[in-house]
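Novice: Feature annotation from TrEMBL assigns Mg(2+) binding site to ASP18, ASP137. Feature annotation from TrEMBL assigns substrate binding site to ASP20.
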Amino acid sequence: MSLTATERARRIKIIIFDVDGVLTDGTIWLVPAPGGTSAKVDQHMASADGVGFGVSSATMMEAKGYSAHDGAGISLARIGGLKCGVITKRISETVATRMRDLKMDYVYMGQAFKMRPIREIMEKEGVTLEEIAYVGDDVIDLPVMRQVGFAVAVENAREQVKAEAHYVTKHAGGYGGGRDAVDFILDAKGILNNCIETMIDESNPISPSMDIGNGVERA
């Protein structure tokens, strides 16, 4: 007999998220660095009347937007004793900085095939696939979602991904979808309300240790 989503979520010890489209809305902003456009861009614009097709600039910066609700969800997950991580195909300084802020246990970037880091996490943590949850949004996530114990699709996920998920969040990626996944798992374990009360209790010694950082490595 197949397990319900709640039964699957109850067994989870580790939550792994995709980044683009899950912890963000999938938009990738490319903006000029503070130094302005590169000489290559200036030369191209001068020769092409300002039309920038085909331009490659070394001074472009990547920017993404992250949800504070998801950040609080990561803190709740840690209070609940869960490990958290991300696996993403892109390599981005914005991802590295935000994941330091969130004190993620595992950060894998540049991963086109995501089962390799999943297996590595399993070996390090001594857990089974049934004890891992994965939150995804696109077909690149399907190989992992088909094998883990609890597969979650965010509301904005591709239809093929939603069809194979055990649970679909109410909110979209970048707008609280990650938080929905955390809340569902903690609620399935019967500890969501306790985790919330711990987070907001200033006198609880656990609460300060859950504070989100500022993106700076500390000695």
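Here the Cβ of each residue, glycine as well, is placed from N, Cα and C on the backbone.
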Novice: Any same-chain residues 6+ apart from ASP137 (Mg(2+) binding site) with CB under 8 Å of its CB? Would you list them in sequence order, or say none?
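Specialist: Counting only residues 6 or more apart in sequence, the Cβ neighbours of ASP137 (Mg(2+) binding site) under 8 Å are ASP18, GLY21, VAL22, GLY26, ALA153, VAL154, ASN156, ALA157, ARG158, VAL161, GLY173.
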Novice: For each of ASP18, ASP20, count the other CB atoms within 10 A of its CB; which of these binding-site residues has the top count?
Specialist: ASP18
